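Visitor: Just lifted these from TrEMBL, have a look:
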- B:1-12: compositional bias 'Basic and acidic residues' (COMPBIAS)
- B:1-25: region 'Disordered' (REGION)
- B:28-50: transmembrane segment (TRANSMEM)
- B:90-116: transmembrane segment (TRANSMEM)
- B:91-283: domain 'ABC transmembrane type-1' (DOMAIN)
- B:128-150: transmembrane segment (TRANSMEM)
- B:162-182: transmembrane segment (TRANSMEM)
- B:216-237: transmembrane segment (TRANSMEM)
- B:257-283: transmembrane segment (TRANSMEM)
Amino acid sequence: MTSVKTQQSRNDDGLAAVVPATAPQQLVKRRRKPLTWDKVSFFAVFLGLPLAIYLLFVIWPFLQAFQYSLTDWSGFSPNPNFIGLENYARIFTDDIFMKAMANNILLVIVLPVVTIILSLVLATLVTVGGSSKGQIKGLRNSSFYRVVSFFPYTIPAIAIGIMWGQIYDPSGGLLNGILTGLGFDQFKDFAWLGNKDTAMIATMFVIVWGFVGFYMVLFVAGIKGIPAELFEAARIDGAGRFRTAVSITIPLIRDNIQTAYIYMGILALDAFVYMAALNSGGGPDNSTLVMAQQLFFTAFSKGQFGLASAMGVVLAITTLIFSGLVFLVNRLTGGDKDVSN
Amino acid sequence: MTTRVETPERKSLHFQPRTPASTPGDKVVGAISHTALTIWSLIVILPLLWTFMSSFKTSSEIFASPFALPSVWRFDNYVKAWTEAGIGSYFLNSVIVVGSALVIVMVLGAMCAYVLARYTFPGSRAIYYLMLAGLTFPIFLAMVPLFFVLKNMGLLNTLPGLILVYVGFALPFTVFFLFSFFKSLPHEITEAAALDGAGEWRTFFQVMLPMAKPGLASVAIFNFLGLWNQFLIPVSINAAGPRVLSQGLAAFAGQMGYAVDFGALFAAVTVTVIPVLIVYVIFQRQLQGSVSQGTSK
């Protein structure tokens, strides 16, 4: 039985090609051996140790968060009162938290789209920007662009935030230096992060800056995985570069795009580090305040742990809804069956 | 796309002679591609170069002109950042915490993934989904209860506490990645090892683990970047403990409003950025490969 099961799950994982269909079942089959000390100690350590740490430091806190969110716990009283959904009612009538939620939703709408489009364009330029005659090949020196674009991903987010905070500095910053140097004198001493109309856009740009390279590398790898024959066939059929990108490349790396969209969306729903580094107080008129900041403040500055846990639950549910929506939209619009050129 | 940086010398780079086979259309497309990619590369590099350059300037020089080179290439800022601001000791703490957590999570993650991938037993599916849950939920949700879990264990604001939490949160990703990796290794090898008389322990450490090296390297790189960059966990559960680099950097920047020393801040950022950047440039080939592996599953 065991062998059949392994075989099936392997096929489920799309590894069918690796496992020869004719592999004799007899060989793979493992006999149920009596439990030896070797086996018992092996399972205890290999499974027990990692699971113990994981359950204690990850799963247990997650579960407790749901429980705390129904209490008025402040961290010190031994017996917090059970107050039902009161914390949630409070959150949804709290204007500041709702503003933070709206900001997160704005981020989750804008960031994945902008980042993915930009990195897709760059990845396409790198991979299929080369000659239209002869072999399908990428642009010359493309590895330079790839390596450089990836730089920001290796930099800690907090360092990115601090660095850009200085770049946006009204008087000594690089951005205003460049703009006034180019003759745009209205930007002299313009506070990008201090103006409620520009703070959010400036912040979004920083996050996009940090991630475009990573997704570009991801998409380049995806595009390189497409067999060259498909591009050649399209070219013979008379498809130009743009047509090839839209009808061949994008449908074929659709799974990568979906993964990127979810990762980027989860990041946008958090965004704590960037916001904390660029505008730790939530920005002018709370224009860059996000739920995570409000949660952190409620928990570790105000000590309202019950309320903060409820905010965490709201954040988690928003994340789950978002991931679900992305899967659903991808499924409804045809998933990966769409390669019909 | 708010900062479009224009450079006059850009054009000369791109109209190079190309292979004879290219058509005029190709040249235009090539030129446009190079232009777009160069603009993006400049957007990436200029801020980094500017930070590097500013790290040698005094605060008054920084405010005088954002572009001017420092009058003297002085290292005062680095000395100040490293000793007075404590970046040196934060750096060391980061190395200790990330190094230990990385070793532990790689060993435990490989063991767990191996058992889940190669053995079928009641509950193995459930454990797998439990790992998936850990990847899906935002870390934020766990922070408040985690604070008290550590407090009760006496591990709050300590480096060992931080290491254990890092291990816990890096575990699901490690297990997921290595799970598919161990699954793809041929079963015949385990059979051969068993026939030769190797027990479970020996099969794992002497046969399977060496075979999984490429997968382990990829996961280690991603775990390193993730843990080195981690900010939320240390500021939540290690706020009063020995600071790690990301935390120390934020604290240093937070004081800036009162004691303005921008040169030292730039130096601190440079110290944080440069080591990882150098390691990346050396290992970038392996990393490019692992990006595709890591996210395709």
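From the backbone N, Cα and C atoms, a Cβ is placed for every residue, glycine too.
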Visitor: Can you name the far-off residues of the same chain, 6+ from the ends of the transmembrane segment (B:90-116), with a Cβ under 8 Å from a Cβ of it?
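Guide: Non-local partners: 124, 127-128, 159, 162-163, 166-167, 170-171, 174-179, 181-182, 204, 208-209, 212, 216, 219-220, 223-224, 227-228, 242-249, 271.
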Visitor: Which residues, given as numbers and ranges, are at least 6 beyond the ends of the transmembrane segment (B:216-237) yet have a Cβ under 8 Å from it?
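Guide: Cβ under 8 Å, 6 or more out: 94, 97-98, 101-102, 105-106, 109-110, 139-140, 143, 146-147, 150, 156-157, 161-162, 165-166, 169-170, 173-174, 177-178, 209, 243-247, 250, 276, 283, 286-287, 289-290, 293-294.
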Visitor: At a C-beta cut-off of under 8 Å, are there same-chain residues at least 6 beyond the transmembrane segment (B:128-150) that contact it? List them, or none.
Guide: 116, 156, 161, 165, 169, 171-173, 175-176, 179, 232-233, 236-237
